[in-house]
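The structure appears below as structure tokens.
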Amino acid sequence: MRRAARLDLPLLLPEVKDLRDACVARLMRLLERQEGVESVHVVEASAEPDGEPPHADGATRTAPSGPQLCLHYDPDRLTLTQVEAFAHAAGAGVTDRFAHMVIPFRAVGAEDEGRRIEDALRELRGVSAAVVNFAGQVVRVEFDRRRVDRALIEARLREVGAVPVAETVGQEGAPASAAAVEAGASAGVTSPAAPMSKSWSARNRTLAWSISSGALLVVGWALGRFTEAPSALALASFAAAYFFGARDLVGHFIADLRRGKFRFNIDLLMVVAAAGAAVLDAWLEGALLLFLFSLGHSLEKYALGRARRAIAALAELAPQSATVIRDGKELSVPISEVVRGDRVVIKPAERIPVDGAVREGNSAVNQAPITGESVPVDKAPGKPVFAGTVNGEGALVVEVTAAIGDRTLDRVIKLVSEAQTQKAPTQRFTDRFARIFVPIVLVADVLLIAIPPLLGVWTLEESFYRAMALLVAASPCALALGTPAAVLSGIAQAARKGVLIKGGAHLESLGAITVLALDKTGTITVGEPSVTDLRPTTGVSTDALLATAAAVEQRSQHPLAHAIIGAATSAGVAVPAARDLESVTGRGIRSTIAGVRVEVGRLLMFEERGAAVPAAVRTEVEELERAGRSTVAVLRGDEWLGVIGIADEPRADVRQTLDRLRATGIRRIVMLTGDNAGVGNAVGMEVGVDDVRAGLLPEDKVAAIKELEREGRVAMVGDGVNDAPALAHATVGIAMGGAGTAAALETADVALMGDDLGRLPFAIGLSRQARAIIRQNLIVSLAVIALLIVATTTGVIGIGPAVVVHEGSTLVVVGNALRLLVYRHASTG
Ligand SMILES: Nc1ncnc2c1ncn2[C@@H]1O[C@H](COP(=O)(O)OP(=O)(O)OP(=O)(O)O)[C@@H](O)[C@H]1O
Ligand SMILES: [Zn+2]
């Protein structure tokens with residue numbers, strides 16, 4: 001059993017005293033709902049004796065300055081990145097005391113023994129989580145900088161035969177280094193040269209051993225069959241075949257013993273079976289077993305490596321150098337020297353090396369590599385561009401907003417590597433099954449050797465032979481590989497098509513979704529609303545209404561605020577200065593202009609504080625809402641200035657997308673909106689949702705999700721910024737526009753990189769297929785095990801055929817999983 005990891009998070013909270021509690025409570029709620037979190041509790045700084053840790057198992061450390069949040073979580077399911085993203089969403093920050101990084105490594109003779117590496121790292125004090133990517137080439141570690149550092153972790157990795165390949169960037173422990181270290185980690189993943197720099201035979205050492213074993217096996221067999229050579233020669237040949245065939249397995253076993261660990265695993269079953277065969281003088285079968293087993297291993301590793309390289313290929317997308325304008329001259333510099341603020345020239349048809357904002361030029365950029373959109377996106381000054389995408393026919397000058405390590409592309413690679421280490425529930429089941437099953441098989445085997453001869457049913461030799469065949473039959477190789485191989489390929493394929501799935505668990509749940517909840521603004525609609533109606537009250541000018549509203553909205557991020565400011569700008573009205581902004585979530589915004597309080601928002605905001613809304617204002621609001629407008633009312637002091645009507649367009653292809661979603665098996669599609677029912681129904685009708693719930697406050701959205709959850713598993717799609725609670729509550733939270741907003745990318749369970757619902761049918765279709773494949777693999781591997789157990793114990797088949805069927809089923813299962821790497825959704829690209 002794996003112990004839950006514990007984190008004590010010192011939180012950085014806004015200074016306001018009463019805000020503090022609200023934030024902590026909000027963060028705790030967000031975290032507690034998160035799958036993988038076992039418990040969350042606050043450890044007050046004052047409640048703690050000086051220097052005493054809040055838990056007996058904690059080590060001494062200096063007294064924290066603020067409230068600490070103690071989090072018990074399952075490192076297989078949740079990452080520190082996610083915890084931090086939630087903290088941000090709740091308005092808190094997390095100190096840089098905890099580091100998390102993805103370290104790529106080259107494994108020397110320990111390629112597929114991820115668990116051994118994980119255990120070795122977790123034994124280090126201060127390491128809260130260590131998870132190895134199943135393809136065995138990156139490890140994600142989370143640790144406390146005060147107790148351990150990257151150098152120690154890398155030293156430990158080397159001890160267990162895994163050589164880190166990333167260059168360490170930045171100084172461990174220095175506050176500013178967190179980003180740099182991470183950048184280093186992802187840069188390491190990014191550099192394709194590093195893991196490839198070994199010779200073929202070193203990279204394929206296990207394969208070479210396995211082939212030697214096979215060749216020696218054939219020699220031994222031929223010697224006995226066709227020649228008069230002394231049998232000692234054939235024996236020597238078989239013994240050598242054993243040596244090479246068992247080399248890898250025994251190597252791991254000894255390395256474990258050295259560290260005081262004894263493990264009942266599949267490898268052990270195989271070695272015991274082969275040794276038993278030798279005792280029975282069935283050298284040929286024993287050698288065949290070891291040869292096929294080691295060959296199978298190498299092939300699986302190669303196949304899984306393909307899934308992993310699918311992600312590394314993403315990194316290779318971005319060019320290694322950029323043309324930068326410095327002192328008016330164009331210079332080609334290595335990408336590592338490009339910094340934020342640099343201006344980079346992008347020639348026609350060139351791949352874009354950085355994330356940036358267009359400053360000069362117009363061009364259509366093919367963003368498929370990042371967002372999966374097949375149609376090029378027009379770029380004009382002010383628009384964002386992403387590293388890894390391909391410029392069209394125009395030249396662009398781009399101001400760098402994110403240099404290497406920080407680019408969307410780097411984030412995606414890092415998140416995907418992390419996601420591939422997060423286990424699916426089915427894998428947790430098979431892991432548990434294997435842990436119980438393997439010892440049972442060993443016991444059954446001993447009984448099989450002893451009991452039948454005692455009863456006089458079989459001879460000892462016969463019993464022994466069948467027992468060895470049973471070991472092969474019952475080893476759950478296919479079972480152990482089927483799920484992780486599917487998760488690895490599924491996540492890789494999704495990422496290649498602009499969908500980020502944050503782990504095996506989310507892949508499986510997304511495949512089981514039957515109910516879809518969609519946010520309106522920015523999800524179903526374009527999210528760029530504009531002012532359509534200005535209805536000032538009598539005696540107030542439209543300019544005054546607009547200018548006052550715009551003044552208050554200036555600091556708001558709400559789409560409605562953008563619309564009002566846009567209208568004020570194009571009308572050319574003078575916007576006064578506003579102070580003391582207070583935004584009332586889901587309701588509106590308050591501020592003061594020249595000492596007078598101004599409120600802009602929906603009627604509910606005024607009613608909640610007991611303000612009387614005049615009938616004239618109410619009538620205007622109702623009239624506009626019937627016409628399908630979003631409305632805000634404006635109150636200055638106690639003078640009502642009027643009502644503003646705003647409209648947003650539904651996205652062009654939402655209706656078709658919803659139809660395709662229904663075709664994938666979504667039974668119910670519901671729109672959740674904070675906006676009024678008039679707008680909600682108008683938009684809902686137009687795009688064809690099954691149900692509209694309007695006028696919802698953020699907490700109502702959570703309640704709506706809970707209610708929908710009774711009808712089936714619910715996915716909620718939103719922009720990921722102000723929908724965080726609803727997204728966290730749904731079975732699967734899906735954020736749109738992951739390429740544009742880092743928050744959306746990091747908080748959600750699934751992120752659509754493009755700002756477009758069109759990828760959703762693909763994502764759900766892929767997950768459904770992944771689920772189906774996981775289930776098929778489970779059935780095939782269990783059925784083969786059951787069949788082989790019966791066939792070997794009854795003596796229908798011997799060790800040789802058992803080995804062939806066993807290895808065959810393992811390869812079938814891996815091959816089945818790799819089908820996901822070529823998954824395409826009908827009618828998507
Ligand atoms: N900054 C703001 N300025 C003015 N009115 C606001 C503001 N924020 C919210 N409101 C009012 O509250 C209503 C609901 O806002 P909320 O943010 O919950 O929903 P929304 O984002 O407009 O729609 P959806 O829930 O579909 O995304 C808005 O229609 C508006 O009347
Ligand atoms: Zn605790």
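A Cβ is built for glycine as well, from the same backbone N, Cα and C atoms used for every other residue.
Looking at 272-294, 433-455, the range annotated in TrEMBL as transmembrane segment turns out to be 433-455. 206-223 is the stretch from 206-223, 467-492, 778-804 with the greatest number of Cβ pairs below 8 Å to the transmembrane segment (229-250).
Distant neighbours of the transmembrane segment (467-492): 133-135, 266, 269-270, 272-273, 276-277, 280, 282, 289, 296, 300, 303-304, 307-308, 310-311, 416, 419-420, 423-424, 426-427, 430-431, 433-434, 437-438, 441, 444-446, 448-449, 501, 503-504, 507, 766-767, 769-770, 773-774, 777-778, 780-782, 784-785, 788-789, 791-793, 797-799, 802-803, 806-807, 809-810, 812-814, 816-821, 823; these residues of the same chain sit at least 6 beyond its ends, with a Cβ under 8 Å from one of its Cβ atoms. For the domain 'P-type ATPase A' (316-416), the mean pLDDT of the prediction comes to 90.
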